[in-house]
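These notes concern the structure reproduced below.
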Amino acid sequence: MPLTRRAFGASALAFGLTGARPAAAQDGPPIVAAASDLRYAVEEIAAAFRAETGQEVLLSFGSTGNFARQIREGAPFQLFMAADERFVLDLARDGHLRDEGALYALGRLALAVPNAGSTLQPDGTLADLRTALAQGRVTRFAIANPDHAPYGMRAQEALQHAGLWEPLQPLLVLGENVSQAAQFALSGNADGGLIAWSLALAPQLQEQGRFALVPADWHQPLLQRMALTRNAGPVAQAFYTYIQQPEARAIMARYGFTLPE
């Protein structure tokens, strides 16, 4: 199914605080609240935006569900880049955003196995994980918290599809977001984990482990949507627009995202 996007002028800003004063009252660059799977891609995009325009945005990375809650509580974000469009659509419906924004990417789930300290193989079908469980070779397995992190929700669905969710329950190590889950999976705190493919393609992580894509039809699609908040200013709007331009889209594609047409 092809992805389509609706373009709206917008901005980006995110701040990991609750109960903060409205964004309109904030000084300095706008804050972009970005899902953790975007850490490396959006850092590059923000640097390119600064080089081209001379304008700066501040990036805050975390779980989509936590950011959505903070926006409802008045956090001073100007742009919300979610890993699951449902959170954006719900906020827009309730009047916390300018509009429904635009679909900017489709994410993918990947199995991550550390280079040292694990006998797991980078097998996206999870067949080796199943064998390792039966042989007692898995003691800990990392995913993002499915209570509020979209990549955790999709990881749960993929594990349920493979029939591994129940046997893995006592072994799960939950990251607050998918970036933390990747840290657990690759640092020796777990034998492996399910993380974002975009993180797996980051040079900083490539040297730490081996990775394999999980079949996309094993879970609901990771439709990633962004929207400006009602307090977004002109710099945030310019950044929102820039994300949809060829230069930024090329960066997103390099990190493994499928792009809307």
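Placement of Cβ uses the backbone N, Cα and C atoms for every residue, glycine included.
As the structure is a computational prediction, the values presented were derived from the model and not from experiment.
Taking a C-beta cut-off of under 8 Å and a sequence gap of six or more, VAL178 (molybdate binding site) has these contacts in its own chain: ALA35, SER36, ASP37, SER63, ALA83, ALA144, ALA149, TYR151, GLY152, ILE195, ALA196, LEU199. Annotation source TrEMBL lists molybdate binding site at THR64, VAL178.
The annotation signal peptide is assigned in TrEMBL to 1-25.
Sequence-distant contacts (6 or more apart, same chain, Cβ under 8 Å) of THR64 (molybdate binding site) comprise ALA35, ALA82, ALA83, ASP84, PHE87, HIS148, ALA149, PRO150.
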